[in-house]
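Reviewing the structure listed below.
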Amino acid sequence: MESALPSIFTLVIIAEFIIGNLSNGFIVLINCIDWVSKRELSSVDKLLIILAISRIGLIWEILVSWFLALHYLAIFVSGTGLRIMIFSWIVSNHFNLWLATIFSIFYLLKIASFSSPAFLYLKWRVNKVILMILLGTLVFLFLNLIQINMHIKDWLDRYERNTTWNFSMSDFETFSVSVKFTMTMFSLTPFTVAFISFLLLIFSLQKHLQKMQLNYKGHRDPRTKVHTNALKIVISFLLFYASFFLCVLISWISELYQNTVIYMLCETIGVFSPSSHSFLLILGNAKLRQAFLLVAAKVWAKR
């Protein structure tokens, strides 16, 4: 049974890979068609395109690293191939996490209502704020790459000095833990910002509901619905973050106990998260949901 597990997990990852490419490709295609036809696109749709493209890159990177780890381990743990795989994973993962955070900030500034002058200043310039944050995250990416590159150089120096396979594999596990720890530390910042945005949205909704009660207008007003929908989207991003940290935790456990099954489970979760969350984004966006239902209806009619 255990010998069949790699094949089973491979089939699951390939299925998730196909679903992830279809869902994220659908987001890019529909928004690009809308962009060409209307010659303009909202900030949300532009962010969705960037997020979908980065997720496609992440899914491809996970699939390639999966097959390299299973069939070409010597390439995976040494040389230029190692640097390319780790750097591509860092870049795609960076944009995945930070774009999720930027979405949370965008909904906070667009929907929440606070009387603070600083908040109102940011609210009136939301598009510039989002652009500046997106550019500012490149500093974190640059620092992350520098730190990881130091780990890689240190590992390659030790690898070239001692090519004994047992030594290389045990030392590679230490190197892998160092890389994952560094990435986790850099991932805490976007998660913290997204969580604060979520709390502020809840606080804004609570204030709005209290105001509605005082005015005897009830709770079922359009602004309450907008708040609720925004909270659902932000919660979905927080769940995406949770799955990411769960994946990292499981990966650490696999390194600690040298358990291949746990590693394969980690990779499976790593592909499932960006694939499934994109479907939630499609269903939560009116334009994408309508296009998806139209395509689904046409496909069903042809059967």
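Quick reminder: no glycine exception, Cβ is built from N, Cα and C everywhere.
The N-linked glycosylation site annotation in Swiss-Prot covers Asn162, Asn166. The topological domain 'Extracellular' feature in Swiss-Prot is assigned to 1-7, 77-85, 150-184, 254-261; the stated evidence is sequence analysis. Residues annotated as topological domain 'Cytoplasmic' in Swiss-Prot: 29-55, 107-128, 206-232, 283-303. Per Swiss-Prot, transmembrane segment is recorded for 8-28, 56-76, 86-106, 129-149, 185-205, 233-253, 262-282.
Here the transmembrane segment (185-205) has long-range neighbours at 93-94, 97-98, 100-101, 104-105, 107-108, 111-114, 137, 140, 143-144, 224, 227-228, 230-231, 234-235, 237-238, 241, 244-245, 248, meaning same-chain residues at least 6 beyond its ends whose C-beta is under 8 angstroms from one of its own. Model confidence over the topological domain 'Extracellular' (150-184) is summarised by a mean pLDDT of 71.
The listed stretches are 86-106, 233-253, 262-282; of these, 262-282 has the most Cβ pairs under 8 Å to the transmembrane segment (8-28). The transmembrane segment (233-253) and the transmembrane segment (262-282) are in contact, since at least 3 Cβ pairs between them lie under 8 Å (pairs 6 or more apart in sequence).
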